[in-house]
Structures are given as C-alpha cells and as structure tokens.
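Please read the structure below before turning to the comments.
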Amino acid sequence: MGNVLNQIGIENYIFLCVILFSIGVFGVLYRRNAIIVFMSIEIMLNAVNLLFVAFSTYHQDAQGQVFVFFSMAVAAAEVAVGLAILVSIFRNLNSIDIDNLKNLKG
Amino acid sequence: MNTLLIITGLGVLCLLLEILNFRKGIVPFTVVGLLVALGVTMNDYGLQKGFYGNMIVVNNFSVAFSSIFIVLAILLISMSDDFYRREHAKISDFVAIKVFMLAGAVAMVSFGNLSMFFLGIEVLSISLYILAASNRMNVRSNEAGMKYFLLGSFASGIILFGICLIYGAMGTFDIAEISELSSSAELPDWFFIGIVLLTIGMLFKIAAVPFHFWAPDVYEGSPALTTSIMSTLAKIVAIATFYKLLTGMNAQLSVAYEWVLLSVSIASMTLGNIMALRQENVKRMLAFSGIAHAGYMLMAFLNLANSASVLWYYAAAYALAGVAAFAVVLNVCRDKQDENIYNFNGFGKKHPVMAALLTGALLSMAGIPVFAGFFAKFGLFMHAINAGYLVVVIAAVINSIISVGYYFKLILAMYTKDALDPVENPKPIYVVVAAIALLLNLAMGLFPSLVNNLI
C-alpha cells in the first residue's frame, strides 16, 4: 500500500479529497431538498475520512484510521438527529423543501 | 478526569430513573449529582496531569472553565421542572440531554488530543440540535433546529477537514506533540490551511461576524430555556475551546492572523450592537448582544500567552449575567406567545425584586461598575492596550456605549410604562436562580482578587 502511495503521490489524494469536499459544500449551499443537503454533508465528511486514511498510510500510523471510526460514528448520530428533525418538519409542513423554512426573520 | 465520568454516569442515571418512575426527583437528583461533580472538579485544582494516554489533560485552565460550566448547568437545569411542566412525562430526556451536553463541554476544555476535541464538540452540538428542535409541534422550533443542524454540521465538516490537514502535516493528533513540532521544523502548507479551516469552524460555533447569520434565527425559534443554554453555556464553551486550540497548537500567532482576529472582533461588536438596537424580541436582542460579546471576548486572543484569566473572568461574568437575565425572561414569558419587549411593561411595579434582578443582569452586560461585567471589560481593554492594539479598544469602548441603548430599552419598559395585563405571581425557582447567578456575578465584581489569578 505504501508503495502505491509513493507512485501516485499524496498530493493527488489531497486534490481528490478537496474536490469531493467542495462538491459537498456546493451541494449544501445550492440544493433546496433537505435529503440532498444531508447527502452533501455526508459527502463532505466522507471526503475527509478518505483523506484521513490516505494520510494514515502516508505517515505509517494507525491513529488516522482509528479517527475515521470516530468520525463515522459521529456522522451517523448527526444524521439520525437531522432526520428526526426533518420528520417533525414534514409532519407540520408536509414538505421537505428548506425554502419553506422562513418564519424566523428580522 | 473524574468529572467527565461522573457527569456521563449522571446522564445515564437520569434515563434510568425514568424507568423506575421517579420523574419528580430527577431534577433535584441531577442538581445534587452536579454539585458532587463540581466538588470533584475543584479538588483537581493545581493538578497538571494527562489521563488515558494524554486524551484528557487536567490543568488549571480546564478546572477553572469546567467549574463555571458546571455552575451554569446547575442553574439552568434547576429551571427545567417548571419550564417543561406541560411535557413533564419526558423530563428525564430533557435533563439527560443537558447533562450529556455538559459532558461534551467538559471534554472540549480538557482535551489533550484532537480526537477528544472533535468528540466533545460533536456531543455538545448534537445535544443542542435536539434541544433546539425539542418543541416538535411548533414550526418555529423545528425551523430553528433545522437551521442549527444544517449550519452546525457544515461547520463540523469544516473543522474535521482542518483536523485532517493538521494530522497530515504532523502525523499525530496529540496537542503537546503538535505544539512541539509546530515551533521547530519546516511545516507543509497543509498545516496552515488546517489552522484556517479550524478557525472558520470555531468562528461558526461562537457566532462571530462573518459566520453569525444563523444565531438570531436559531435563538429566536428555540424554546427559551434552550436559548439561554446556547447564549450562555455553549457560547463560552466554544470561546474557551477556541482559545485552548490556538494556545495549544501555535503559541506564536503571526501578525496577519492577529489582524484577522482583530477585524472579526471589531465587526462582531459593531454589527451585533447596531442590529440589537432595532430588535423587539428579547431573545433576538440577546442573540445580537451575544454576537457583540463574542467580539469582545475575541480581544483576549490578541496576546494569547497570558490572557487566560482575563478571558475566564469575562466569560464567567457574561454567562452569569446571561443566566440571571434569562431566568427573569423565562418567568415573564411563561405563558406568553412571544418574548417581545411589551411583555415587560410595568414589570418594575408588580415584581420589584425580579425587575431589580433583570436590571442588575443587564447593567452587568452593559459594563456598569459594581457588577463583574465592568471589571471584566476593564481587564480585557487593559489587556488589549498592553498587547499594543489601541484600535480595537477604541472600537470596543464606542460599542459599549451603543450597547447601553438597547439594554436600557428593556429597563425603561419595566419602570416607565404601564402594564398591559396582570402578571401572575413569580415562580420561586426563577427568582432563586436569578438571585444566585446575580450574587455570584456581584461577588466576582466586588472581590475580583479571589478569581483573578485562577489560571
């Protein structure tokens, strides 16, 4: 594995992860459907997980891979809470379009 | 270290007590448990030690901040019994989530490893998402929860990316090792990008100006008790953690970075105070006031090395005044539809004690002498002048004058206007909480030497 990393170069992994992360960021900023926004947040987190694993191999150090487990568990908890909030919004508004959420202004 | 174990165990016990059908006793039990945790925490004062392979590092900084967090949590949780009286069957959930949130807060100021920092910030944020949306039949609460969730997890993603780049540059998550490496070797560019991303994420969490737009909406929509947690406890947790991150990782900030923090600080104070002037809703007004106070607290970052005690004093003074103010607001708006200022008309004649408590809390936030708020601002301004940043002090003084405007709007409504409708008798618990918080604030103001050199 270390050998493959030497041939490809760590920079390319960083570029790939930055691109994936940016796709996630733009998804959060531009999409209006709450489920797709959640997916975009997951893309952001998973781009980072991929980079953690790449760095972990690059440094020959297992800590990075262990961190990925933490961040996966946290992401799962986060999305569970987000979906619960979304369900209660759907019960009140019958819609999951986040443009409908504009009661609070000032 | 035992603090974290006790608090987490207490949260689990809260959930178990519901199974045993012991709902009435949950709040007193939790308060007693948190008092024990407070005693255990203070007992660690003076200790300097790492636990679990340096995952948790106990030092005076973490002890001082954990203690004030626990005090605030005790004050806030003791109000839950009355606040959730309509949903008393679920009281254990509300209390347990607050206790778990406190565990996250303690983990955030006593981390010695970036993974512990990440877990702490996520435990705190996820608990707050739930609390913000906890009034699930109310569309406004749903909206607040959703907005907070989206922007909070967006910020978490940015923080995670920052941690990842720092790990990539250093090959370790340990703060002490990172600090050592960052002052010696030639560093890859990723390290600095990582620091910038962490900064952006933390500025989101403390609601400083370019990243503040979520705060007013979320504060207004959330249930009032959650708003009081977010504007006192969660705000100073984020500030303290940001401070600890910066001191831990690059003790010598570059001048360019200090100017960025300085502009963020000036922009936060100015925008927060000017927007607060035109708010009619008290929760929204206090949200903008919180943005302004975040700006003041960022002044402590200008000379990082020896500003920990100044920052602690300001954070404690602000948070205690905030709890006192919110306790009165919770009581006044107990059965009201909204939290607008006209609800306070004539309050001074009906309940002089509570009106005096609210006045004291607002005066402390505005920085009027005798209250701790004044000495906190004084210490912070002195610190910034000594660090050589006169510009920010001038801006802060002008802003303090502006802020008197909106704090007095509420005080004038209480004392000079006539009441719209008869106000019922105040609930004793709110008076007690407001009085304790304000007395602690006053004690800090009268005897600053007791707490000035804690850290």
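Note: Cβ is positioned from N, Cα and C throughout, glycine not excepted.
Where the annotation comes from TrEMBL, it is an automatic prediction and has not been curated.
Per TrEMBL, the features are as follows:
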type	residues	note
DOMAIN	B:113-403	domain 'NADH:quinone oxidoreductase/Mrp antiporter transmembrane'
TRANSMEM	B:57-79	transmembrane segment
TRANSMEM	B:91-111	transmembrane segment
TRANSMEM	B:117-136	transmembrane segment
TRANSMEM	B:148-170	transmembrane segment
TRANSMEM	B:190-211	transmembrane segment
TRANSMEM	B:223-243	transmembrane segment
TRANSMEM	B:255-274	transmembrane segment
TRANSMEM	B:286-305	transmembrane segment
TRANSMEM	B:311-332	transmembrane segment
TRANSMEM	B:353-375	transmembrane segment
TRANSMEM	B:387-408	transmembrane segment
TRANSMEM	B:429-451	transmembrane segment
Return yes if the transmembrane segment (B:286-305) and the transmembrane segment (B:57-79) have at least 3 CB pairs under 8 Å (sequence gap of 6 or more), otherwise no.
no
Out of B:117-136, B:223-243, B:353-375, B:429-451, which stretch touches the transmembrane segment (B:57-79) the most, going by CB pairs under 8 Å?
B:223-243
Let me check one thing: do the transmembrane segment (B:429-451) and the transmembrane segment (B:223-243) come into contact, meaning three or more Cβ pairs under 8 Å with sequence separation of at least 6?
no
Other parts of the chain folded back onto the transmembrane segment (B:353-375), taken as Cβ under 8 Å at six or more residues beyond its ends:
289, 293, 313, 316-318, 320-322, 324-325, 327-329, 331-332, 347, 400, 403-404, 407-408, 410-411, 414-415, 426, 430-431, 434-435, 437-438, 441-442, 444-446, 448
Among B:117-136, B:190-211, B:223-243, B:311-332, stretch most in contact with the transmembrane segment (B:91-111) (C-beta, under 8 angstroms):
B:117-136
